[in-house]
Amino acid sequence: ANLLILQVSYAQKSSELVIGGDECNINEHRFLAFTYSRGFFCGGTLINQEWVLTATHCDRIFMRIYLGLHNQSVRYDDQQIRYPKEKYFFPCSKNFTKWDKDIMLIRLDRPVKNSEHIAPLSLPSNPPSVGSVCRVMGWGTITAPNDTYPDVPHCANINLFNYTVCRGAYKGLPATSRTLCAGVLQGGIDTCVGDSGGPLICNGQFQGIVFWGGDPCAQPRKPALYTKVFDHLHWILSIIAGNTTATCPP
């Protein structure tokens, strides 16, 4: 499987790119962050002026976070670069397995300003519904198994399935999980290496974080797993509110 990380050939999508998509509209990803560290990159989501939500497996010692980026070869006047001031990792063990905790909150070294190309994406108010059409995006590879990385982010629509679909596709998954299963059953469209940490947006709400998938990406009947943002809301909001010792949901 593919963790979707640029440097890992395991089951995580730390660096997946969208396969089967098209270049994102320049105005549809104002919240999309690009995290970079010595050739390794991931996606992330700006959830307010001071916080970015991404995947734990995207963590690196030296990270530079770009906001307002579209074409990596062209710098917008309002592009902003930040560095992590604090990082928070989901600490819960009770009722959470290793599959449920690939989520990281990054506090930026200074707030970003809303602009033409930068604006946060709200956290979800409700969990997503199976059958929803969801949007994925990132600078991950657009081909598999051989990687091709674009200068611009690609976007695609995929479908949200019952978790049992992913459990049937991959051996070793737990019976239940706080992850979302999404993809296209006929294959050809998927997140992939380089897309890890980026958002899964269902019906306009930020519902998932790119986590794990098949290797190679975009194979038939091999949807990917996304960390379920809604199931981590208590922890996210507690940390942002200043309760840095927040542990598990009640």
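All positions are counted from 1 along the displayed chain.
The backbone N, Cα and C atoms fix where each Cβ goes, and this holds for glycine too.
The signal peptide annotation in Swiss-Prot covers 1-11, and the record cites sequence analysis as its basis.
According to Swiss-Prot, the feature domain 'Peptidase S1' maps to 18-241, an assignment based on sequence analysis.
Under the heading disulfide bond, Swiss-Prot lists CYS24-CYS155 (among others). Counted within 10 Å of its Cβ, the other Cβ atoms near CYS24 (disulfide bond) come to 20, all protein chains included.
A 10 Å cutoff on Cβ-Cβ distances gives CYS42 (disulfide bond) a total of 34 other Cβ atoms nearby, all chains included. The disulfide bond feature in Swiss-Prot is assigned to CYS42-CYS58 (among others); the stated evidence is sequence analysis.
The feature active site, charge relay system is assigned by Swiss-Prot to HIS57 (among others), with similarity to another entry given as support. DSSP gives HIS57 (active site, charge relay system) a helix state.
Summarising the annotation, Swiss-Prot assigns N-linked glycosylation site to ASN71 (among others) and lists sequence analysis as the type of evidence. DSSP assigns ASN71 (N-linked glycosylation site) to coil, not to a helix or a strand. Under a cutoff of 8 A between CB atoms, and with a sequence separation of 6+ in the same chain, the neighbours of ASN71 (N-linked glycosylation site) are ASP151, VAL152.
The Cβ neighbour count for ASN95 (N-linked glycosylation site), using a 10 Å radius over every protein chain in view, is 11. Among the features that Swiss-Prot reports, N-linked glycosylation site is placed at ASN95 (among others), with the record citing sequence analysis.
Counting every protein chain shown, the number of other Cβ atoms lying within 10 Å of the Cβ of ASP102 (active site, charge relay system) is 27. Per Swiss-Prot, the feature active site, charge relay system maps to ASP102 (among others).
According to Swiss-Prot, the disulfide bond annotation covers CYS134-CYS202 (among others), on the basis of sequence analysis. Sequence-distant contacts of CYS202 (disulfide bond), defined by Cβ-Cβ distance under 8 angstroms and a gap of at least six in the same chain, are PRO128, SER129, SER132, VAL133, CYS134, ARG135, LEU160, GLY208.
Secondary structure at ASN146 (N-linked glycosylation site), as computed by DSSP, is coil. According to Swiss-Prot, the N-linked glycosylation site annotation covers ASN146 (among others), on the basis of sequence analysis.
Residues annotated as N-linked glycosylation site in Swiss-Prot, with sequence analysis given as evidence: ASN162 (among others). The DSSP secondary structure for ASN162 (N-linked glycosylation site) is coil.
Within 10 Å of the C-beta of CYS166 (disulfide bond) we count 24 further C-beta atoms, all protein chains included. The disulfide bond annotation in Swiss-Prot covers CYS166-CYS181 (among others).
Per Swiss-Prot, disulfide bond is recorded for CYS192-CYS217 (among others).
The active site, charge relay system annotation in Swiss-Prot covers SER196 (among others).
Residues annotated as N-linked glycosylation site in Swiss-Prot, with sequence analysis given as evidence: ASN243 (among others). According to DSSP, ASN243 (N-linked glycosylation site) sits in a coil region rather than a helix or strand.
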(request) For CYS202 (disulfide bond), name the DSSP secondary structure in the helix/strand/coil scheme. (result) strand
(message) If you count other CB atoms within 10 A of each CB, which of ASN146, ASN162, SER196, ASN243 wins among these recorded positions?
(response) SER196
(message) If you measure from the CA of ASN95 (N-linked glycosylation site) out to 10 Å, which active-site residues from the list HIS57, ASP102, SER196 are inside that radius?
(response) none
(message) Could you check which of the recorded positions CYS42, ASP102, CYS181, CYS192 is the closest Cα neighbour of HIS57 (active site, charge relay system)?
(response) ASP102
(message) If you compare CA-to-CA distances from CYS217 (disulfide bond) to each of the recorded positions ASP102, ASN146, CYS155, which comes out shortest?
(response) ASN146
(message) Can you tell me how many other Cβ atoms are located within 10 Å of the Cβ belonging to CYS192 (disulfide bond)?
(response) 33
